[in-house]
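Colleague: From Swiss-Prot, here are the annotated features:
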ACT_SITE  Asp13  active site, proton acceptor
ACT_SITE  His41  active site, proton donor
BINDING   12-18, 40-42, Arg304, 330-332, 412-414  GTP binding site
BINDING   Asp13, Glu14, Gly15, Lys16, Asn38, Ala39, Gly40, His41, Thr128, Arg142, Gln223, Thr238, Arg302  IMP binding site
BINDING   Asp13, Gly40  Mg(2+) binding site
BINDING   Thr298, Val299, Thr300, Lys301, Arg302, Pro303, Arg304  substrate binding site
Amino acid sequence: MSSVVVVGSQWGDEGKGKITDFLSQNAEVIARYQGGDNAGHTIAFDGKTYKLRLIPSGIFYSDKISVIGNGVVLNPKSLVTELKYLHDNGVSTDNLRISNRAHVILPYHIVLDGLQEAAKKDNKIGTTNKGIGPAYMDKAARVGIRVADLLEKDTFEEKLRTNLEEKNRLFEKMYGHEPLKFEDIFEEYYEYGQELKDYVTDTSVILNDALDSGKRVLFEGAQGVMLDIDQGTYPFVTSSNPVAGGVTIGSGVGPAKIDKVVGACKAYTSRVGDGPFPTELHDEIGDHIREVGHEYGTVTKRPRRIGWFDSVVMRHSKRVSGLTNLCLNCVDVLTGLDEIKICTAYELNGEKIYHYPASLKELSACKPVYETLPGWKEDITNCKTLEDLPENARNYIHRIQDLVGVKVSTFSVGPDREQTNVLDNVWAHI
């Protein structure tokens, strides 16, 4: 039995898809455990780039099982579209498994998401308007519709009718929005369920059976630790738990079966949407990193906010998610800069602090304390080992490792699978 969890250790978009794809080569089962189609992941290999939102990165390996766990909120329309996208590109989805306990995103969730965000005016949290939050709200309120319900026509009809009556009253009285039609949603989404039914099963059984039989299982998170609803920059967070602890709830696998937690991070920091960002750059360097790193949202296409590497954030991620290894991505993006800064602490009310405050008021008053390192000019996109890197690039990686207190197991010097370089095999010591 061996398992590895890949989490984003910043604010998402850290290259989890690439690292998951890379680690999938030695896994037999790959599983998503939370989130929805609000976050995309990009995988590049053999000269082609694929962008997915719901289906795990392991789908590109025909000999591996890919699982969408019960902690995911699933938009059937998006999933059917994604399946067609893969089929059109010659990718088989025969090994996909979908949890019958996953909750379903329906049109009223998406409408409500947009209405709630618009009503906040200057206090927007930067939702992607994919219905994620409202779907998790229904789940917590025990009125959600699960995949198992979607497949049972009478059950789906009854629950949809009840929920839609309530949502339509809310739309009309609270927001002045026209009601949604039951017939339009019911027929369309029941049909989606029929298209998906052959993939649906109890994925907790599949995952536990795999682990108990000695297979390697890789768990893939969405978003990042700093967007976790409990441990992130609340309320500027997602509605689920991307931290490694979310695996046990979102997949039905007990905590004793988790062996390693790999934190994916960039050699700098990025963020999409509103919320605190202590090391954010508002200058030409930030613009340069954004363009060189193609820092635009996979799903939203919004330009990402850019900042220096923040070791305070990373130590927080290490603590709350139990990071055992780091995968450092996008080192090549920093090539050409004369100097590179790393945030080592914050200054708050004249004192240095080394933890990430919960209070938004305190966060807004924090000033990053920087350490400046010399940059490098050499092209590193073909480097395969640490020794191949320029001395300044090596020193930068070592300094990140020292400040975070977690060993760097891989570093990447480009978007392709072949540009990911292994320093320590995560699977080897389990």
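Just so it is clear, glycine is given a Cβ too, placed from its N, Cα and C backbone atoms.
Relative to the rest of the structure, where do these features sit?
Modeller: Of all Cβ atoms in the shown protein chains, 27 besides its own fall within 10 Å of the Cβ of Asp13 (active site, proton acceptor).
Spatially close to Val413 (GTP binding site) yet at least six residues away along the chain are Val331, Asp332, Ile380, Thr381, Asn382, Cys383, Gln419, Asn421, judged by Cβ distances under 8 angstroms.
For the recorded site, Arg302 (IMP binding site), the DSSP three-state label reads coil. Cβ environment of Arg302 (IMP binding site): Val272, Gly273, Tyr296 lie under 8 Å away, each six or more residues apart in the same chain.
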Colleague: Taking Cα-Cα distance, which of the recorded positions Asn38, His41, Thr128, Thr300, Lys301, Pro303 are within 10 Å of Lys18 (GTP binding site)?
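Modeller: So the list is His41.
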Colleague: Tell me, which recorded positions from Asp13, Gly15, Thr300, Arg304 are within 10 Å of Asn38 (IMP binding site) if we use the C-alpha atoms?
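Modeller: Close recorded positions: Thr300.
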Colleague: Out of the recorded positions listed (Asp13, Gly15, Pro303), which are within 10 Å of His41 (active site, proton donor), Cα to Cα?
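Modeller: Checking each Cα against His41 (active site, proton donor), the hits are Asp13, Gly15.
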Colleague: Which of the listed binding-site residues (Lys18, Lys301) has the least company, meaning the fewest other Cβ atoms within 10 Å of its Cβ?
Modeller: Lys301
Colleague: If you skip the near sequence neighbours and keep only those at least six away, which residues in the chain come within under 8 angstroms of Gln223 (IMP binding site), Cβ to Cβ?
Modeller: Gly8, Trp11, Gly12, Gly35, Asn38, Ala39, Thr238, Ser240, Pro242
Colleague: Can you give me the Cα-Cα distance between Thr300 (substrate binding site) and Thr128 (IMP binding site) in Å, rounded to a whole number?
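Modeller: With the alpha carbons as reference points, the distance is 7 Å.
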